[in-house]
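What TrEMBL says about this protein:
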type: COMPBIAS; residues: B:1-10; note: compositional bias 'Basic and acidic residues'
type: COMPBIAS; residues: B:18-28; note: compositional bias 'Pro residues'
type: DOMAIN; residues: B:96-304; note: domain 'ABC transmembrane type-1'
type: DOMAIN; residues: B:393-585; note: domain 'ABC transmembrane type-1'
type: REGION; residues: B:1-29; note: region 'Disordered'
type: TRANSMEM; residues: B:39-61; note: transmembrane segment
type: TRANSMEM; residues: B:100-120; note: transmembrane segment
type: TRANSMEM; residues: B:132-154; note: transmembrane segment
type: TRANSMEM; residues: B:174-196; note: transmembrane segment
type: TRANSMEM; residues: B:231-257; note: transmembrane segment
type: TRANSMEM; residues: B:286-304; note: transmembrane segment
type: TRANSMEM; residues: B:336-360; note: transmembrane segment
type: TRANSMEM; residues: B:392-416; note: transmembrane segment
type: TRANSMEM; residues: B:428-454; note: transmembrane segment
type: TRANSMEM; residues: B:460-477; note: transmembrane segment
type: TRANSMEM; residues: B:524-544; note: transmembrane segment
type: TRANSMEM; residues: B:564-585; note: transmembrane segment
Amino acid sequence: MTENMTENVAGPAKAAPGRSIVVDGLRKSYERNAGDAAAYAIDGVSFDVPEGQFVTLLGPSGCGKTTTLRCVAGLERAQGGRIEMAGQIVFDASQGRHVRPEDRPIAMVPQSYGIWPHMTVLDNAAFPMRHGRNRRRGEEVRRRAMEMLEQVGLQSMADRWATQLSGGQQQRLAFARALLGDPEVLLLDEPLSNLDAKLRAKLRQELRSFQEKFEIAALYVTHDQSEALALSDTVIVMNQGRIEQIDGPERLYDHPRSSFVADFIGSANLLPVEHTSPGPDGSVLAKTGVGAVLCGRSPAAPDDRSGNGGFVCVRPENVRVRAADEGTPQAGDDEILGRVETSEFLGDRLELVVRAGDVAITAFARADLGSRPGDDVSLAFDPASTSYLAS
Amino acid sequence: MNHVKVDETPARSTEPAEPAPRADPPPAARGGRLAAGTLVNVAMVVLIGYLVLVPLVILLYSSLKASTTQLPFQVSGFSFTNFVNVFESSHFASVAGNTALYVVGSLLVALVLSMCLAYLMERTDIPGRRFLAPMALAPMAVPVTVMAIAWALVANPVNGPLAVAVREVFGVDIDIYSLAGMILVMGIFGVPSMYLTIAPAFARLNPELEEAAAAVGAPLRRRLRLIVFPLVMPAVSAAAMLLVVVALEGFAIPAILGLPKQIFVFSSQIQYYVQPPTGLPNYGQASSYGVLLLAVSLVMLLVYRRRTRDAHRFRVVSGKGYRQTRTELGRWRIPVFVVVCVYLAVGIALPILTLVWTSFSPFVRPVSLSGLGSLTLSNYSTVFTAPGMGQILLNTAEVVLLTATVATAISAWLAMSASRRRFPGSTFLFEATFLVFGIPSVVLGFAILFLYIFFPVPPIYGTVWIIIVALVARYLPRGSRMVQTAMLQLDDGLVEAAQVTGARPFTVTRTVLLPLLSPALRKCWLWIFAQALGELPIALVLTSPDNRTLVVELWSIFTSSGDYPTASALAVLLLVVSTVAVWSVNRRGAMEES
């Protein structure tokens, strides 16, 4: 207690400027006695959310993304690590410090929106100003709430019961309510997952434009990779309680750092590697079941470029397909012979699954290629778009 | 501008009910409010522990005190003498035998009736379902004491209209004052609660399963046996366990229908030991019977919980997209309909009609057209002008209103603390109230009686408050579970969305949680209100000249003075008030569903 008091008086540690949230070494187990062998729901998660940026936690269900968000909100309490928010420490396990959710400068849009059915639309929106941390009085409450409802296109519904709103309108109301709390950080927990596909795409754009307009930092949780890529400045890919990679959407797609990321974001051919040796210009020559593959994208550290195991990753759109009778079929270093297993015509392209040796490779070919199952084709990988992943 | 306040105490324990603050109070004020919140929590824990655990301890304690005529506290040392005496007496064998027959018999009656009704209403094309189903549930609105008296009037061997009719038509003598009579009445009384558990299971039955069997040519009988019954078994067995517990502790039926012929079951035996018509009470025997009864009830309840634990998970599944196809009864449609109508008329309508008829009659007589001319209101005027009646009505009003209000308030606090884990041990406290569920109300009544004789602080012995304390303890488990069920159905996001705006826990509770729970709270209040009104054994065991309630008055008029018309008038009064309460519970329920 005394320790904490001193810490309190001494003031919070200096936070780096320009960062709305800093999460450092967060760990949480749902087991009662979190011993060494305990399974962690999140295990050593560190990241930060710069001011005004849109950051997404992406991962399959059970990867710990929602738990992380709830720890940031203060709705759950981690066993280890530290969270800073707007320059103040709001959670520090080593000091036993935990700021309650109502005292953190946040707003949240829960998965189910949390629209109160016993209030009108206006009452819902005005709740943060009437009862929240930045309380206001008098006419201003109604005026600001109406302004915000107008922004989200709900001004005509203000006096209706909240239950009369459709799914998309509820989502907008939840967003308006969150913004009316004047938060430093907006937390969104899969807010689009309860909507149908068309509405989801529309609201996705709205969400992003609101966030940019109000210049508010957002931490967004989703399991939908296309949502994450479309919305975010930065994507944090999580798996089994750990962070796999933190990068911008393009880099994440082009330069996945692990086979998990490659497979989770978009589709990828992952060829198991027997052993590797350094190639020219920092590239890697990987020996796979279909022969040696030259990978232009490779780990930065030279030590990682030679060894055993790992995967060659190549996206289907980066596999060049040629009918085997177009030229002399030759099994060289850069060409792989295979036989078409399935072929699906998708209008703009032909999606082929080609068996070469004991691996199946997916490739997107020109729609006019006309390959049928059973045809022989030859495949080629472009070294510049082929990655070697150590894990 | 966003000043972040730091809080040193663990998060789990920092959500006390505290007054809403002005913005940013100084740390000292905040600590004060925290302390106040903790104080409220501690006070509630002590209160609930007192209501739940003390009666149990007192019961065990007095069962180990070898007393025959003294109060348990006047005996020194502990012994198993009481239990030895109980098991050695030949009387115990007959009481245990009666109890077993009574419980199993009424279970069978209730099971057969409610299964048939549920199947007919939910799965067949029997005509008039909209009207028949609520009729089958009507006994729910009848307090059990009133029900027992109505049956005593309708089927007593001397002049009960049903008994007379049966004797004239079939030449058979029937006597409601018998074990068979008790079984019949308890069975019919148990139908509504059982029906309510079983009917949803029948409704959920995927019709396609039954259709598949019909398509391969299995006759109706086989479809029932092979497809329908196995699928509804979980619901049926859960309902059966609960009925066993209710029958075991039920007092009014065995007392009103069994005592005249000295047919004892556990619950009536206990009351007989505590309040014998002559001589001194035998508290030792009463306590040991109480412990035995409690043990059996708890075992049944634990089995029930095991059975229903998994069932809850499937309750949310909606029957969306089900095509309700019903089995066609064909040429049996009308005969089956008639049989159901006869059951409803004889089993439910006739006793109530006789009760009402008697309440308007100058003396006990069969229902007849010729009697219409001499109907009178004099019984009601007798009731209202009887000396002391004003006090009795006042007592009753105080008891039911305060019990319903206090029990609902504590239940709400308990369920909210437990499901939001407001403080360490809140879940345990919630679970602990389950023990009271297993305490038969006669036993709870005299455990509270001992408590206030032995430890008269606060001095409420002989006042309405002692009855209120006992009734609150009794309805706490059911009440808190009603509120908890409603809480579980609330989406967490609704509360969390309010929390993260920065609203104080007290504000969140007041503006979001309580309004969302209000339908459940209202339902809980009305349910407890109706139950408390008809609850006989507790009021009876704790009665004294100053705290008589309507139901005790009814009991004493019916059993000692034998003035049946006046008793009927009183019973009709109870029936009317109880029906209004139960009706408004169900009307609310129906409105929410639509």
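For all residues, glycine too, the Cβ spot is worked out from N, Cα and C.
Just so it is clear, the model here is predicted, and its values are computed rather than measured.
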Long-range Cβ neighbours of the transmembrane segment (B:336-360) (under 8 Å; 6 or more residues past either end)
113, 117, 120, 124, 126-128, 132, 135-136, 138-139, 142, 146-147, 149-151, 153-155, 160-162, 188, 329, 367, 371, 375-377, 379-380, 564-565, 568-569, 571-572, 575
Could you check whether the transmembrane segment (B:392-416) packs against the transmembrane segment (B:39-61) - three or more CB pairs closer than 8 Å, residues at least 6 apart in sequence?
yes
Intrachain neighbours beyond the transmembrane segment (B:231-257), with Cβ under 8 angstroms and 6 or more residues off its ends:
99, 102-103, 106-107, 110-111, 114-115, 144-145, 147-149, 151-152, 176-178, 181-182, 185-186, 189-190, 193-194, 197-198, 200-202, 205, 209, 263-268, 271, 293, 296-297, 300-301, 303-304, 307-308, 311, 437-438, 440-443, 536-537, 555, 558-559
Can you work out whether the transmembrane segment (B:564-585) touches the transmembrane segment (B:132-154), with the criterion being 3+ CB pairs under 8 Å where the paired residues are 6 or more apart along the chain?
yes
One stretch in B:39-61, B:132-154, B:286-304, B:460-477 has more Cβ pairs under 8 Å to the transmembrane segment (B:174-196) than the rest, namely B:132-154
What parts of the chain pack near the transmembrane segment (B:460-477), using Cβ distances under 8 Å and only residues at least 6 beyond its ends?
48, 51-52, 55, 395, 398-399, 402-403, 406-407, 410-411, 414, 433-434, 436-437, 439, 441, 444-445, 448-449, 452-453, 528, 531-532, 535, 538-539, 542, 544-547, 549
Taking residues 6+ outside the transmembrane segment (B:39-61), which of them lie with a CB under 8 Å of any CB in it?
16-17, 72, 287, 290-291, 294, 410, 413-414, 417, 422-423, 425, 429, 432-433, 435-436, 439, 443-444, 447-448, 450-451, 454, 469, 472-473, 476
Given a Cβ distance threshold of under 8 angstroms, which distant residues of the chain, six or more beyond its ends, lie next to the transmembrane segment (B:428-454)?
45, 48-49, 51-56, 58-59, 62, 71-73, 245, 248-249, 251, 266-267, 270-271, 274, 283, 286, 290, 293-294, 297-298, 301, 305, 414-415, 417-418, 460-461, 466, 469-470, 473-474, 476-478, 480, 484, 535, 537-542
